[in-house]
Amino acid sequence: MVKKDEEMSVSSETKGPLKSFQALMGEGEKFSRDKLYTKAIQCYTEALDLLPPDEDKATEKDTIDRLNGLVARSSCYLKIGKNDLSLQDAEQSLKTNKEFTKGLYQKAEALYAMGEFELALMFYHRGKKVRPDLREFQLGINKAQEAIDNSVGDPNRVKLEASGDLSIFYKNDEDESKKKKKQPMGYVRASQKKDTAVQRKQHAPVANPKTTKQILGDLYEDRAFLEKIINNTVVTKANTKTGDAIYQLASEGLDYLDSRTEFWRQQEPLYARSRSIKKLEGDEESYKHIRHELEAIDDQQNKDQFLDARRRGHRLLDFCDRLDERKFAEKQSVLADVYSRLGNAYLELGDYNKSLEYHNRDLKIAETKQFSERSSRALDNLGRVYARSGQFPQAIQVWEKKIPLATSSLEKAWLFHEIGQCHFGLGDYERSKLYGERSFTEAVAVNDTVWQLNAKVLVAHSQTKLRQYREAEQTFVEALALAKDQNDVAAERAIERAMKEAQDQIAKGAADTPPDRTEINYEIKVRSNDNILYGDNDQSTIRLTIYGDNGSSGAIDFRTDENDPKKYDGQSVTFKKKALDAGKMTKITLSCTDIESWPLDSIEVTDSKRKAKHRFLLAAPIDATTTIVDLYLEGSIVSSDATTKDEKKNKTLGTLVSRQSPQTTKRNEPVPPSNRTNDGNKNSKTTKPDEKKSKTPKKDTTTDKKSTPAASTVNEPSSNSNKNIGYTITVQTGSVEFAGTDANVFLSLYGDKNKIVRFQLQKSKNNSNPFERGHKDEFEFENINIGQLKTITIEHDGSTIGAGWYLDFIDVTYNNNTVNFPIDRWLAINENDKRIRLELEPNTKPTSKIAAEDTNVENATEYEITVKTADKRSAGTDANVYISIFGDKGKLERRQLKEAISGKLNLFESGATDRFQVFAADFGKIQRIRIEHDGSGIGSGWYIDSIEVRYVARNETYKFPVDRWLDSGEGDKRISLDLEPDKKPGQLKDENNTDQKGNTEQNRGTTDE
């Protein structure tokens, strides 16, 4: 029986029928995003029904619309398992244009889902031939090839032997070599050309046969067989067609097994896992059940079914908890395996706290049982969680513990690169460069060109940040050669843009000039538990360097005068030093020369420019082996013992940094409020570093007894007449599906006397887990009196997967007054106007800044927007592009230009002209437009030639000449332009672009920070 809602047209659910093709496509896209695929299919079907049935009479636009509609519906059919219908739509889309890339990709996906891996592989290759720059086709080729390889059969059933008389293989070779062949005259086909000689390399013997045999299991015999073939000079006779072919096949097989050995060493393959659990008498059924469940969890995670994997993992965990360890001696090992898989599932689901909890449990068992490989696995996973959530100090600490456990050069290449990325994110470009060079060395050792490329890019970007532009140019040249060897078109384009930026800086003379940063005053408060014990060297020194989002401050000597021979004794003291402005502080380092020991407690640094005060703690003790030691922000130190669940909940998560390109990411750092007094009564008793690391900051006894959550910026200094008052913030999360968020939430209050900027709402009074769906959370704190509340800003940092948040309202209560701020909308990067930051006025509901498709509004009007990118080197961009249109009757704000009329996927390329169709209310006569991009991606700078906006109904065309860069590294550094018809824009004179008309909203919104 068909359900009623399946028979009903989707358009009937709205107030009026949606008769526009674009409107129905938009509705279908929305349903598809919400995973309501059946409704999406209905929308796409209705949209396709609106097009002319006779394709011969259809316009070019109708044809493009039909193709896009078929592909969209095909994708939805695939999601609900109707593979045959998906294939049918994909094939229909290819009838008109056999090189339609979306259709090729969708047909390949449908064939893959149906198990037709060979056919799928063929269409993935066809798509890649048409669009070699699209990564999706290469990924499809990889997975189809892997599926084919896996479908060949069980390797255990085939036992090969290197025996018998193999000379027959060479008889033909020898006979052919004796024959005199006539040289072909004229044109020689490619197939007739002489084969190039096979390059033979030396294969290193197995370093640890026992371990390798345990990891490979039955495949170890196959590896030994391949090794025997390679070493047999008769079988693999050089410079013969058959011998070279056998050698090449055996060599590739050996390389594959060796690479998988290193991978499985961390991931624990089924072969090794079956031996890690001893079959004990009486526990055969338990053993079989555990092995089956672990394999099932792995399979679900490989298919991205992380919710199912998590549920299954918890069921298996309950089963293992009930096992009697006296009868099942491997219980702890099994528990560690389950914890590891649960941690990975929670990571992919975006629950970083849970992921950390389970990976820490895995690490605790591994360290207790002294399982070095499991310890390495757990540290690896912990580092990934920290890095993905933007907690770079924690990631560095964890991964540095893993370095001694890394056994292969390939593993070290990856590890050094990731540590370097984290240092880059903290502004320590010297260290990121160093680790990038170490990563490259290890990648060369195993001839891995992918990691060679990644390492070179990291080094080059670090050199750019260090103003070593000539060195950066050379490194980019080397990286570009590696990208071309790998046929990575996207990497080539990004590297060329970044290299051009370095070359432009060289041309400007920037390579020979010091950093164009001003010096500011820092107050450095050192808290020590005892004197420094110096070595015998008279030249012993201590220097401090501050790092932030502007780079480093340079070395700061602890002596009053650098020429003063008297050494700093290490006692608690306050320095006032002038140094380069490092920006928002992320960490500090101490360079120590010839120091035996120093029981340092902490260092507090105050930035005079931003009025920001940060307390830094040691990541490792200072002893005779110390040359450089890092101090990280309070709350960022990872304890050597597994951290408990409650402690993890109190940690702040940051934003995710791209793995493809190193970019400085601002983190939310806990900063004490400006009215907090110094803890002069702090106990001076010596505390072990491990004891300090897991403790929360000590509350000052001179402040009020109520706890004050950390804020990420400091409030403006208040006058002595301003006394602290109490604030109660009530936050109501909506009841729609997936309304809650685990991201970090910040609130700013702006009054007529003062303001409180980016106060973190961290500990809810009535809910242990705040901002859950349908929850009302209350936060209480005391701070300066801001006077009458005028506006507030609510935002989150998007630090978790699925961080989108649906917010109903916020109430602010102070001085017995309650002010209501209605919201009723998403704060999500994938919803509505994609904002995660809102400025709110009392009793006023916010409006959308990125207009939705308005084809369903009365008198919807069609506009055609033509954007021409200049035909010059590196003019294109991969950033997200937005347009706003302002007329005398209305406006359209921040519409993203993402779907061209032509259907092509790679937009805004050098020399390209892209046309877009926009439906919205009538603006009247267009007075100006705003074009902007978000600066995402390496070398996101964009050189625009011109823009045209055509009012289709009236056939009016407005031309906007541009002929300039939108680039944060070019000219006036603007990435947003306001344009008037027939007027070419100029350059802002102020290079700092401060408080000028060209500032984007994002720049204006962060001036208080």
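Each residue's number is its place along the chain shown, starting with 1.
Glycine is no exception: its Cβ is also placed from the backbone N, Cα and C atoms.
The feature compositional bias 'Polar residues' is assigned by TrEMBL to 652-665, 674-683, 710-725, 995-1009. Here TrEMBL flags 520-636, 725-841, 861-980 as domain 'PLAT'. According to TrEMBL, the region 'Disordered' annotation covers 173-206, 644-725, 974-1009. Annotated repeat 'TPR' per TrEMBL: 21-54, 336-369, 376-409, in sequence order.
When the domain 'PLAT' (725-841) is classified with DSSP, helix, strand and coil residues number 0 helix, 64 strand, 53 coil. In the predicted structure, the domain 'PLAT' (725-841) carries a mean pLDDT of 87. For the repeat 'TPR' (21-54), the number of residues in each DSSP class (helix H, G, I; strand E, B; coil) is 26 helix, 0 strand, 8 coil. Secondary structure by DSSP for the repeat 'TPR' (376-409): 28 helix, 0 strand, 6 coil.
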